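Asker: Below you'll find the structure I mean.
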Amino acid sequence: MAFMEKPPAGKVLLDDTVPLTAQIEASQSLHSHTEYIIRVQRGVSAENSWQIVRRYSDFDLLNNSLQISTLSLPLPPKKLIGNMEREFIAERQKGLQAYLDVITTHHILSNCELVKKFLDPNSYSVNYTEIALQHVSMFFRSEPKWEVVEPLKDIGWRIRKKYFLMKIKNQPKERLVLSWADLGPDKYLSDKDLQYAVKLLSSCSHPYIYKITFATANESSALVIRPFSEKGTLKDLIYKAKPKDPFLKKYCNPKKIQGLELQQIKTYGRQILEVLKFLHEKGFPYGHLHSANVMLDGDTCKLLDLENSLLGLPSFYRSYFSQFRKINTLEGVDVHCFGHLLYEMTYGRPPDTIPVESFPPAPSVFVVSVLESILTCEAMKNGMPTVSRLLQMPLFSDVLLTNSEKPQFKIPTKLKEALKISKECIEKRLTEEQKLIHQHRRLTRAQSHHGSEEEKKKRKILARKKSKRSAYESGEEHSAKYSNSNNSAGSGASSPLTSPSSPTPPSTAEHASF
């Protein structure tokens, strides 16, 4: 079905999850304002960097747009008089740098389109909402039974994925949600295999997978339709959010932080692990588990967005697990992401840092033991436990599942082989990225150690010792030369008086030996 145009030749598939860092290098004062020259870098390679120029008013405009998050961001205040003074500009530059540091390290803000456009306008100049609307309109020409009710603006975190509330014309009360997504950097299936695999998703039946009503793809993007749930996702339950609100508003700064009840944690956790085990056994790559990708249907959790890995989209938690070389398979990625989700269910918020050094009090010691097996430094070094191992742990082993629906997902052998190759390619790119990050970390650590005050003192002490040793050796050499010179002169003067049988003086013997 030709509902989407082909991508332009040589299209660059950017990984939007690679972190951007920003450093203000200089400022320049013009007639009526000051410009700040900022060096932006993508990932760990200094070669992948560029300069942007921003005024304070640009920062102010960005900050106003980010107010929807309700976060208190440290933008320096405005100043109308004296804002061109050198001391003030230097102080403001420090404040703006602190602001950049906050928005580039906050997991949700750093991935949002507003921040990306501010730091990398060349890569994010495209209006994806307009493109999505064009593609959806073309789709409706060939499928007239569907109708758009309204766009669901920014309800997800992805820049290149857009959502629309839908209805079927002859069933006006039933609501569905349509998602349109551009292909990502991990798309390794051939176009033919991709289109077949995406269409196959609607035939998947599992008690813990959210049903897909319709799905299709072509060479550049994909379109998926599902039933709309007024109850929302697991993340909406945890954050007490409204499903239709923008992602920044829902999840950046929850009004009340409260985890779920122990029985909910146990049941939801068991259900999610069961569906992960099912997908792993089927050889179907997932890698996109997070609480906003889990739909609630009564007391049942159902996994969303199975199409993401087929389309090559990067994971929500990629910037975390790309730091650890032991998390190098999609099965390991799923378990790591499950650790984030379990932490969120338990404490009502994401962990402050990864790895987690210590865990707050939890409803059960069994919760903490699972978290420790996934999110601690030791777990990162040793590798992730398997899903089967987690199912055997006391937190989940005694949960009784009452759903009797028989899972069905028939994947033809030829497509299974294509999925296996695609999975290996995804894992290879992850491993290569982890290697670069590891090398960069080692280099940074070495440079930091070399530049530390303690190391500088050591080098000074060694330099003094070396200098003293050189001076001492130089003095000895000079003394030996002087002594030898005197002995030579003395030997020449006394030789006529020396008897052939007389013993040779030691100094003369030494001199003769040279």
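Quick reminder: no glycine exception, Cβ is built from N, Cα and C everywhere.
Where the annotation comes from TrEMBL, it is an automatic prediction and has not been curated.
Okay, these came from TrEMBL:
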type: DOMAIN; residues: 14-126; note: domain 'PX'
type: DOMAIN; residues: 88-443; note: domain 'Protein kinase'
type: COMPBIAS; residues: 439-448; note: compositional bias 'Basic residues'
type: REGION; residues: 439-514; note: region 'Disordered'
type: COMPBIAS; residues: 457-469; note: compositional bias 'Basic residues'
type: COMPBIAS; residues: 483-501; note: compositional bias 'Low complexity'
Asker: Work out, from DSSP, the number of helix, strand and coil residues along the domain 'PX' (14-126).
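Answerer: Reading the DSSP string over the domain 'PX' (14-126) gives 45 helix, 26 strand, 42 coil.
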Asker: According to DSSP, how is the compositional bias 'Basic residues' (457-469) divided among helix, strand and coil residues?
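Answerer: The compositional bias 'Basic residues' (457-469) comes out at 13 helix, 0 strand, 0 coil.
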Asker: In the compositional bias 'Basic residues' (439-448), how many residues does DSSP call helix, how many strand, and how many coil?
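Answerer: Counting residues by DSSP class gives 10 helix, 0 strand, 0 coil.
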